[in-house]
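Everything on this sheet refers to the single structure shown next.
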Amino acid sequence: MGVQFGSFNSICETAALVICPLVGTDTGIDPSCYSRNVDVGGTLIFQPSTCFVHIVAIIMTAIMILHIRSKYTAVGRKEIVTFFWLYALIELMAIFLDSGIIPTSNAVYMWFAAIYTGLVAAAYACLLINGFVGFQFAEDGTPLSLWFLRISCLVIFAVSFFVAIATFKKFAGFSYLKPIGLWIIYILWPLLCVAIYVVSQLVLVFRTLDDRWAVGGIFFGVFFFAAAQVLLFAFSVTICNAIKHYIDGLFFFTLCMLLAVMMVYKYWDSITREDLEFSVGSKAAVWEVKDPLLAGDGQNYGGPGTHYPGTAHQNYSEEDTASNYHGGAPRLARRRHQRCADVRRRCPAIQPVPAAAAATGLSSEPAGVLSVLCGFVLQFSCDVVGVGGGGRCDVHGRSDMLYIFATLGLFSLLKL
């Protein structure tokens with residue numbers, strides 16, 4: 001197949017694209033081989049196998065969107081979900097355009113085809129912009145980041161829609177006989193966006209991240225994207241003739257593009273680790289402080305001669321302190337742990353009961369009551385602060401310090 005710049009003739013003779021009935025000639029360009037149609041209630045449905053893949057793609061996209069939304073603290077969550085929404089809209093539009101539910105002879109077909117073209121261009125623009133979210137030029141999830149993405153996609157959609165409808169209707173200097181602008185949007189723009197996205201993510205992985213497994217997601221995504229183009233534009237007729245018109249290259253193109261989009265999700269998921277205690281997904285994530293008793297912020301809470309000596313600065317592992325793009329622990333998490341540590345400092349250091357009574361002048365009964373009260377204060381504080389999913393301040397919804405203070409208090413009250 002010889003592809004000429006600005007011409008859809010050879011492309012549409014091989015691949016049954018949405019815009020092919022609207023370019024080239026007054027009646028469009030028909031493919032030399034296409035998939036069989038089926039009669040459903042007196043309505044001819046073209047490309048039935050491809051329509052099935054479109055439906056599967058919408059379902060899979062919905063699942064991916066739900067998973068993305070469950071990763072509450074992941075980097076670029078709101079930005080990447082925009083890409084998947086656009087992809088879902090493209091697949092929904094393709095069901096009506098590929099299947100012939102909207103006939104090509106109908107006057108509204110060109111308008112839907114123009115909308116479809118705009119959505120495709122906007123989706124690739126969204127993917128391109130998402131490639132730079134990880135570099136944090138603008139903090140992800142902020143109005144600046146989100147509105148820049150939305151406005152950029154809207155501008156690309158509007159320009160592509162105008163070029164498409166002007167080409168179909170042959171006005172404003174555009175013509176379906178020489179659809180150069182439409183060819184750039186439909187053929188060159190996706191290749192350019194994918195190339196820039198892949199390069200940016202490789203730079204991100206090798207210069208910013210410690211984990212190299214994410215490269216696998218990029219590799220498979222590029223593989224499926226390239227396979228989709230080759231199967232559609234090079235082997236569609238061969239496949240169609242070999243399988244006796246049951247399916248053609250468009251079926252494998254749609255399937256491979258779905259797999260490529262799934263690899264985009266897989267790659268994004270692999271490089272965005274959640275802030276552990278705020279995970280709302282199905283997997284339980286634990287923010288664990290390694291100190292068995294008094295996890296603190298580097299200060300000593302005991303002293304010489306006490307039952308619990310001073311606690312030195314804790315050494316936390318990378319897994320306990322890193323989040324997202326291997327940055328520091330989340331500020332809100334540190335704030336909550338600090339609040340629990342502050343409450344601990346308000347309770348006196350616990351000593352063996354006789355020594356404590358001798359040192360403070362308190363009898364064993366007041367010392368025991370004070371110990372029990374401190375335990376319940378810690379429990380109440382942890383309940384209010386809500387350090388969920390993790391540390392020694394809150395284990396399974398209960399303060400482990402409550403048991404320590406309560407036990408010592410009972411020993412003191414019983415004069416043991």
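Glycine is no exception: its Cβ is also placed from the backbone N, Cα and C atoms.
Annotation comment: TrEMBL describes 45-68 (among others) as transmembrane segment. When Cβ-Cβ distances below 8 Å are used as the criterion, the transmembrane segment (45-68) is approached by residues 16, 34-39, 74, 77, 80-81, 84-85, 87-88, 91-92, 94-95, 98-101, 246-248, 250-251, 254-255, 258, 261-262, 265, 268-269, 281 of the same chain, each at least six residues removed from its ends.
Panel annotation: around the transmembrane segment (80-102), residues 16, 18, 37, 43-48, 50-51, 54-55, 57-58, 61-62, 64-65, 68-69, 108-109, 112-113, 115-116, 119-120, 122-123, 126-127, 130, 133, 149-150, 153, 250, 254, 261, 264-265, 268 of the same chain, lying at least six beyond its termini, place a Cβ under 8 Å from a Cβ of the stretch. Under the heading transmembrane segment, TrEMBL lists 80-102 (among others).
For the transmembrane segment (108-135), the list of distant contacts is 18-19, 21-22, 75-76, 79-80, 82-83, 86-87, 89-90, 93-94, 96-97, 102, 145, 148-149, 152-154, 156-161, 163-165, 168-169, 182, 185-186, 189-190, 193-194, 196-197, 200-201, 204, 208, 264, 271, 325: same-chain residues at least six beyond its ends, Cβ to Cβ under 8 Å. If you look up TrEMBL, you'll see 108-135 (among others) marked as transmembrane segment.
Positions annotated as transmembrane segment by TrEMBL: 147-168 (among others). A Cβ distance under 8 Å defines the sequence-distant neighbours of the transmembrane segment (147-168), meaning residues of its chain 6+ beyond its ends; these are 19, 22-23, 79, 82, 86, 110-111, 113-115, 117-122, 125-126, 129-130, 138, 174-176, 179, 181-182, 185.
Sequence annotations record features per position, and here TrEMBL assigns transmembrane segment to 180-206 (among others).
Taken from TrEMBL, the feature transmembrane segment applies to 213-237 (among others).
The transmembrane segment feature in TrEMBL is assigned to 249-268 (among others).
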